[in-house]
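Have a look at the structure below before the remarks.
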Amino acid sequence: MPLIIGIDPGSRLTGYGIIEKNGNELRFIDAGTIRTESQDMPERLKRIFAGVERIVKFHGPTQAAVEQVFMAQNPDSALKLGQARGAAIAALVNLDLEVAEYTARQIKQSVVGYGAADKEQVQMMVMRILNLTIKPQSDAADALAAAICHAHASGSMSKMAVLNALGGMARGRSRSSTRRR
């Protein structure tokens, strides 16, 4: 039963989420944020690297998923985000984890069924898929969503299994079921 860590990189808050995949079932293990406020950038990167490394050593995930950098309107923000992402990936690779990368749109499509979903929709679906009773922080929910996306992409999670896990909430309609006869 592999453990998957998802990372939602950020220069001030880096979210992490760990799930266990057992066949078609996903189980919540841990989630939270690595806070790096009020330090200069090299110190923030050091905290991200050390935080990711500590979490991986504690839980021992065998797979990792990281959200790719989006193109921000502010180039400085995009550079900082890229640096934070690099620190997290370096920590994962340093511990011999293979890193899968997904765009925000791919993650949202996998978890919510809609690539332009908002943060609230992602949080609610993460809660539903993992049977959580408390809404995770936004960054932690995004990291859990990355881990869920990777579990879906890794092969044994069929679309039908995902729909069953959701209790039919996201029932799809075939074209034939929407036609008038």
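Cβ coordinates are placed from backbone N, Cα and C, and glycine is handled just like the others.
The Mg(2+) 1 binding site annotation in Swiss-Prot covers D8, D139. Annotation source Swiss-Prot lists active site at D8, E67, D139, citing sequence analysis. Residues or ranges marked as Mg(2+) 2 binding site in Swiss-Prot: E67.
Summary for the binding-site residues D8, E67, D139: the Cβ-based neighbour count within 10 Å is maximal at D8.
Separating the Cα atoms of the residue listed as 'Mg(2+) 2 binding site' and D8 (Mg(2+) 1 binding site) is a whole-number distance of 6 Å.
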